[in-house]
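Before any comments, here is the structure.
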Amino acid sequence: MALADKRLENLQIYRVLQCVRNKDKKQIEKLTRLGYPELINFTEPIDGLSALHLASISNDTDMVSFLLKLGAHPDVQDHMGCTPTMRAAELGHELSMEILAKAKADMTIVDNEGKGVLFYCILPTKRHYRCSLIALEHGADVNNITYEGKPVFLRACEEAHDVKDMCLTFLEKGANPNAINTSTGRTALMESSREGVLEIVRGILERGGEVNAYDNDRHHAAHFAAKGGFFDILKLLFAYNGDMGLIGMDGNTPLHFAAMGGFADCCKYIAQRGCDLKWKNLEHKTPRVVAKDGGFKAASKEIRRAERTAAKLAKTGAKNPNPLWALRLHDWSIEHETSLRNAFKFVDRGDGVVSKDDFVVALEERQEYATSEQLLSVAQMHEKSRGGGVNINEFFKGTKYLSKSYVLGSFGPKKKKRGLGKKPRKGKFVLPLPICTIPENAFPRRPDGGPPYYMIETYQNVSDSHRFNRDHPPEHPIQDDSEWYIDDPSRVFANISFITKAGDLASLKKAIETGIPVDMKDNTYKTPLMIACASGNIDVVKFLIEKGANVNATDNFLWTPLHFACHAGQQDIVELLVKAGASIDATSINNSTPLSRAIESCRLDTVKYLLDMGAKFQIENRKGHAAMDIAKAYADYRIIDMIKEKLDNLPKQADNQKMKGKLPKLKTEGTDVKKEEETLSSIYTVPAITEEKKVHRDSVVYLNSLITSGFTKKVDITFIPKRIWSPEATTAELIRKRELRRERFTYEVDFEDFMMPFQKNITEKAQALEATLKN
């Protein structure tokens, strides 16, 4: 079509495009009538878009119909060679595409890369599938090939898992089952096998797809199916005369790929169906070595078993009881069981048995893998007596002419045998660790039947968002009259721990003002101060300490807030808690101190601060490990040197003191147990909730007191607003808060995979250990 290259033409086409966006039909009609001839089909000079392109992209069916009536051509192409139909198909606009198809849009046009409209329909939505149906109904080429040599059917098979119905439709409409990408050598069968879609693989093979074609790397469909562990596809490929022993350019057979993934059933099947078990790839590894290197014991065991069988058959005079033609006949008969049973019905004697001759004739007409002599030998194996015939059910089982481990029924999960047998050996008793939660009945309920008190009401700053926001709050309570025309929102309750972790100070302040204790424990025994210390939220920690939170409160594991702060590696919070009176040597249920938690997190500054504040580093936990033992276990040499220096600075014992015996331990077992029992018993107590006493305003005593106090003579002109705007952090303050978080937690805090110091330390050491073991 005409390309606008002059200034006036540019202005007019841009004006038309703007009118299309604004849906100004009158102006479009006027420009078409008074402007340049064929202006409706002009394209803008940058992307080459016409008016019909824009209408199709926005799925404005009314505008598409209007433009077509004005003479817009449905096949105008942009700079990429795309028509409005292609643009509509790409976005799944089926309504616009249907209108364009009725306007006789040419569905065989290709873009600058040789892609037809069907290429733009290959996306995993129902709308794109319906667009492909519209294109096929109006003459789209199902065998369209790009200039690089990629057919549209092969492109769909690359996404077969998501567009299965579309691929099957392409096959039904006559797509070439042997579609091949000339640049890579990949076929549609290879791509559908790689995706693991059995229905498409079956459809391609039924329509004559070449099963043993291979790509530029000499990989064929069995390689891709084995790599993904698709056992059903491997069975299907072998049933259609697939070669399980083809060797790729990298020296890998399908068995190598199955061993790489540890697919035991696939390894067993491929090993039985003619693959070379001793073949080495370019890395000089056999399939069994590949499975062993990957740590797949089951796959390695199956390959080893097949190697033993192959070694026995390699001896002179040994006869193979499971020849390849018999295995292929068995797999083919299972794949075509329905059609074979229908064929055998016509010659059935009435008891599920057919004569030997009829059996041979029926199979000889339908397959070419076994000769008539071989089929006759199979029939004779099924005959119990001369002229007894072949039982159809036994033939499909395959156990009469194949070993039991070679038939398809031997694959898959084994069924448990019923009956008496040996009792299984009892394993070592493991005490189950219960999930420690406070019972719901231990929490007092609200008088109005609401949730437990650890579920607090969230604060909602309800106001007219069109007038006020966090950067432009109301200057005076009288200015904000939103309460008079905005409905009150419904009450929303959230766990106090979630509120604390999110740093919602407004909701916490509201809860404390309404009588919720500042040390209210949630159903996992954690107080808000513990949660704030664990998440590293110093603002919430300061707020809770100001409100009188207990800095020595314990959970069910006797962890204090200082334990959580040291475990999270938050130096500033540790200092804040110690200044507020936190016990620096508080022991948990396994006698671990906050110093132990700081060492586990490998936080040198926190460890140094605790030692400078007088933390006892000789205290041992239940396992008898002191601070030095824990530091060695977590392999932080900086902390080891620091503790060693402290140990060296301890005063040495005199000789006469050594003769008196060992020094008394810093802890005694009896007092420790007693302390634990007392602490554990107090864990289950939930703080009492103080209810406000409601004054009965209709009481005679109350009204009489008002009269005597002269309240009725006073004129109160105080204005009390219904709702007061709660100060919110401005955008600048939120940005500054994010900057501070990055300074405290590093830049990684903005990513989803951010980990606190302890978790990060453990993960890094585990990954390093895993890498060492692999090498």
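Every residue gets a Cβ built from N, Cα and C, even glycine.
Per Swiss-Prot, these features apply:
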type: REPEAT; residues: 47-76; note: repeat 'ANK 1'
type: REPEAT; residues: 184-213; note: repeat 'ANK 2'
type: REPEAT; residues: 217-246; note: repeat 'ANK 3'
type: REPEAT; residues: 250-279; note: repeat 'ANK 4'
type: REPEAT; residues: 524-553; note: repeat 'ANK 5'
type: REPEAT; residues: 557-586; note: repeat 'ANK 6'
type: REPEAT; residues: 590-619; note: repeat 'ANK 7'
type: REPEAT; residues: 623-652; note: repeat 'ANK 8'
In DSSP terms, the repeat 'ANK 4' (250-279) comprises 17 helix, 0 strand, 13 coil
Sort out the residues at least 6 away from either end of the repeat 'ANK 1' (47-76), same chain, that have Cβ-Cβ distances under 8 Å to it, and list them.
-> 1, 3, 16-17, 20-21, 23, 25, 28-29, 32, 38, 40-41, 82-85, 87-88, 91, 93, 95-97, 99-100, 103-106, 109
Taken over the repeat 'ANK 4' (250-279), the model's mean pLDDT | 92
